[in-house]
Amino acid sequence: MTHSKGRPVTYKTSASPESGGGFVDWTLNLNTIQSDKFLNLLLSMVPVIYQKNQEDRHKKVNGIWQDGLSGAAQTFSKRSEPHLDYHEFSEQAFHSSSSGHTPASCSPKYDDYAGYNYCDGREASETTAMLQDEDLSSEGDDVIVETSQRIPKESSGVMALQILVPFLLAGFGTVSAGMVLDIVQHWEVFKNVTEVFILVPALLGLKGNLEMTLASRLSTAVNVGKMDSPIEKWNLIIGNLALKQVQATVVGFLAAVAAIILGWIPEGKYYLSHSILLCSSSVATAFIASLLQGIIMVGVIVGSKKTGINPDNVATPIAASFGDLITLAILAWISQGLYSCLETYYYISPLVCAFFLALTPIWIIIAAKHPATRTVLHSGWEPVITAMVISSIGGLILDTTVSDPNLVGIVVYTPVINGIGGNLVAIQASRISTYLHLHSIPGELPEEPKGCSYPFRTFFGSGVNNKSAQVLLLFVIPGHLIFLYTIHLMKSGHTSLTVVFVVVYLFAAVLQVFTLLWIADWMVHRFWRKGKDPDSFSIPYLTALGDLLGTALLALSFHFLWLIGDRDGDVGD
């Protein structure tokens, strides 16, 4: 094999004495490959999907299988030259020892996967492209083989401490969003164009569809060492941000269409001016909020990597910390401004919508230039759009509940219960996804001790994912108590904190998170077994289900409180 400069590429490995085999030195001179396609891949500096010939993969050199180096070669040496930058050549993502697929224990079943293209017959995704067996680069003269990377072991206490601050920040962000929604519900646009309430969960859910998915993908990339190279890192960041803007614009437009349809069904009334207003407000809000939050998210991921914090623990909560507040404030401001222009400057709304839609082809071109995000442009729409529809149904429940003057107090708590549930389940999904990327290959699950069936297997066990589920569930009650008391101190909402109200509210919150965590455990493993990337597919569904479950359980709680006569302060006064 040669790099772009035409020099031969060699593998150099040496084992430590502790490995039991003494020092061994293998030098493998690979055949020169002259191919324009290969050189283009080297020059692109972006991880790509390709299929490696099984004959080359299992070529026997000096009596030793390349794919089956003995256990004596578990520690590999690097040659460092000051004028060269090296990129890694690693198989840790799909062939880690804990899955039973160690190089020294190749079986016929494992050999079948050696030449397998993980995109054939399966849903390709950005992380799939990012985590293939080998990365090719043109920056170094040598290809270096490294041992499998592992996330440092963390106790439940360390995990809880890392999650605590981002969790509280995210919680206070949702509290702020709830208080803002409690205020803006009295604005003219929310009173006269009630379909805006249907937009609220769908647009707030963009943090689950886009921001948290971005955070999870980049967290996985950091944990498996795919953002160590500055060029690879910025290629992934730029491609992901462009992709996210495409998705935000499309989802914003479709959310407006869903709000128009769901708002028309109950009463059968349709207003063209209101429809244009909804489309303009939704598209503009989705675009601006997604861009701001995406930039913040990239900063969080890069900062976590530099400080040595596991980004799986902090990225997804911080992605949502002020996301709800930013999105809701932008939606209220834009929709109210466009509503005030309906009579005198009626052409402003369609121009705003057309402007942001016209930018979509530019973002598509940028995202398509990066192979790691090009696949998501084709295969990543199903979960995003489906999640938007699910969140819109939750918005319809909110719109119907707010229409009842006795239940208007639900507004301030809706972003809180939805946001907290979505944040916690996104952390769990991101952690499970990283675990699977490090311990197995797509389509196969790692060997795990058999336990009881769902939902209890999620919470009972000694595995790292069991511990994280337990820790996250324990955050629910103290977290919500803090946020409820904060709302009470700010004198926001229309509901007094009676004992009965707190008990009923906490029961709904615990039931929501308990349900989401075991669904996440089942869903992430199911997507992995089907060869789909859980980072891109599971989190949109889970956060949308969190919105739907949270809104529905909260509405039932307020109905129950009203029926049993708990109207102190009055519920919904």
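Heads up, the Cβ atoms here are built off N, Cα and C, so glycines get one too.
Feature annotation from Swiss-Prot assigns phosphoserine to Ser137 (among others).
Annotated phosphoserine per Swiss-Prot: Ser138 (among others), in sequence order.
Residues or ranges marked as topological domain 'Extracellular' by Swiss-Prot: 1-162 (among others).
For the topological domain 'Cytoplasmic' (184-195), the model gives a mean pLDDT of 88. Annotation comment: Swiss-Prot describes 184-195 (among others) as topological domain 'Cytoplasmic', evidence class similarity to another entry.
Residues annotated as topological domain 'Extracellular' in Swiss-Prot: 217-245 (among others).
Positions annotated as topological domain 'Cytoplasmic' by Swiss-Prot, on the basis of similarity to another entry: 267-282 (among others).
Residues annotated as topological domain 'Extracellular' in Swiss-Prot: 304-313 (among others). The residues of the topological domain 'Extracellular' (304-313), classed with DSSP into helix (H, G, I), strand (E, B) and coil, number 7 helix, 0 strand, 3 coil.
The annotation topological domain 'Cytoplasmic' is assigned in Swiss-Prot to 335-347 (among others). Sequence-distant contacts of the topological domain 'Cytoplasmic' (335-347) (same chain, at least 6 residues past either end, Cβ-Cβ under 8 Å): 184, 187-189, 192-193, 196, 273, 277, 280-281, 285.
Per Swiss-Prot, the feature topological domain 'Extracellular' maps to 369-376 (among others); the stated evidence is similarity to another entry.
Within its own chain, the topological domain 'Cytoplasmic' (398-406) has Cβ neighbours under 8 Å at 185, 194-195, 197-198, 200-201, 262-263, 266, 414, 551, 555, 558, 562, 571-572, counting only residues six or more beyond its boundaries. What Swiss-Prot records for 398-406 (among others) is topological domain 'Cytoplasmic'.
Among the features that Swiss-Prot reports, topological domain 'Extracellular' is placed at 428-469 (among others), with the record citing similarity to another entry.
What Swiss-Prot records for 491-498 (among others) is topological domain 'Cytoplasmic', and it gives similarity to another entry as the kind of evidence.
Per Swiss-Prot, the feature topological domain 'Extracellular' maps to 520-543 (among others). With DSSP states grouped into helix (H, G, I), strand (E, B) and coil, the topological domain 'Extracellular' (520-543) comes out at 20 helix, 0 strand, 4 coil.
The topological domain 'Cytoplasmic' annotation in Swiss-Prot covers 565-573 (among others) and is backed by similarity to another entry.
Using a Cβ-Cβ cut-off under 8 Å and counting only residues 6 or more beyond its ends in the same chain, the transmembrane segment (163-183) has close neighbours at 200, 204, 313-314, 317-318, 320-325, 327-329, 332, 411-416, 418-420, 423-424, 427, 471-472, 475, 479, 482-483, 486-487, 490, 492-494. Among the features that Swiss-Prot reports, transmembrane segment is placed at 163-183 (among others), with the record citing sequence analysis.
Beyond its flanks by at least six residues, the transmembrane segment (196-216) meets 177, 181, 185, 189-190, 240, 244, 247-248, 251-252, 255-256, 258-259, 262-263, 278, 281-282, 285-286, 289-290, 293-294, 297, 300-301, 311-312, 315-316, 318-320, 323-324, 327-328, 331, 335, 383-384, 387-388, 391-392, 394-396, 398-399, 402, 414-415, 418-419, 422, 426, 429-430, 433, 535-536, 539-540, 542-544, 546-547, 551 of its own chain at Cβ-Cβ distances under 8 Å. According to Swiss-Prot, the feature transmembrane segment maps to 196-216 (among others).
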Query raised in the report: Which one, 246-266, 377-397, 470-490, 499-519, has the most C-beta pairs under 8 Å toward the transmembrane segment (283-303)?
Result: 246-266
**Report entry** Contact yes or no, the transmembrane segment (407-427) and the transmembrane segment (544-564), 3+ Cβ pairs under 8 Å, gap 6+
**Finding:** yes
